[in-house]
């Protein structure tokens, strides 16, 4: 913890966010009545923000004991962490700007969940489940490489029921574990819910990534060339909002379908090496590694700005950037490091970590309302329906996703039409 005296300020931030999260508040009230998580241990590795504070309080209302650590060493709001400790007695192991050793130690402590191991995990990058499935004494979890035995659980968490995953990068990592026969429990991939894709990825990332870039640099985007690398739902949101602020947007993609989509939506599409010579601001949104490397850095113009809005700190190759630079980096503004490459000044934001969280405040609370409601309902489903999901990574059930959208619309005072019986029957006839 940074400073427990920050708790009052943290409480104010959590309350502010809570007022913009009406759907999660409804779930919290029901959880308080029904106590679906009574006696269960939840280990959560999430960004410790005001919005996360309201999710944690929802789980606690449902009867869970919670251990919480940060999913990024730069994203923790220290005042929120303090408020959760002081007001709620949550075991929070997070502090902004900790070193890597402390960061990984926090994860190990939370993964232990008091020594008995968790019943449920909540991940933003797959760290906890990967840690829990690490072999002890050199023996793999499944023992023979043919997949986990029925009922097998990792030795570090013998009572593990399942988990949730917030990001595409984390789901990719967990699916790779499942393909190797290492994942012993079901995981619900919250990011694959349609509500998550539309609300958080496109609108949340689109707005908050630019917010982080502007807070860190105070530059005018109008008239600049902004290069978006990756045109999934997050990249699409960044591109649309950058164009709305007057930037000339270039999209780089490896998927021909997404590249065609970007072109038909009015964006210039070009290979990344070509865009490197022309761009002023670069935003990586891929969830993959080494998206910008030395070859790109050496072609960039003086004053280029480098930001990552994907996941982890691997999309921009920091090793290549340091190797190409003429001397060490210089911090010219908070969270802005200047590297000189071939005589040109390149500016890296937030150490290559997720810029909307490290340089700004992450997603607006109204966006996280749906994502964290998804998280709460997902862990409830894992507990209430233990036989429904086999070990592996699963999408959130459609009926849960649709109900959340209806609740959100209702909170906004919006009603929609429903199919008549005749229309529903007509649709079923062609199914």
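If you go along the chain as it appears here, the first residue is 1 and each next one adds 1.
Every residue, even glycine, has its Cβ placed from backbone N, Cα and C.
The region 'Disordered' annotation in TrEMBL covers 132-165.
Annotation source TrEMBL lists domain 'S-adenosyl-L-homocysteine hydrolase NAD binding' at 201-362.
Around the Cβ of residue 253 (NAD(+) binding site), the same chain contributes 230, 231, 259, 262, 269, each under 8 angstroms and 6 or more positions distant in sequence. The NAD(+) binding site annotation in TrEMBL covers 232, 233, 234, 235, 236, 237, 253, 309, 310, 311, 356.
Close to residue 236 (NAD(+) binding site) in the fold, though at least 6 residues off in sequence, lie 202, 206, 262, 265, each with a CB less than 8 Å from its CB.
Mean model confidence for the domain 'S-adenosyl-L-homocysteine hydrolase NAD binding' (201-362) is a pLDDT of 97. A helical conformation is recorded for residue 236 (NAD(+) binding site) in the three-state DSSP classification.
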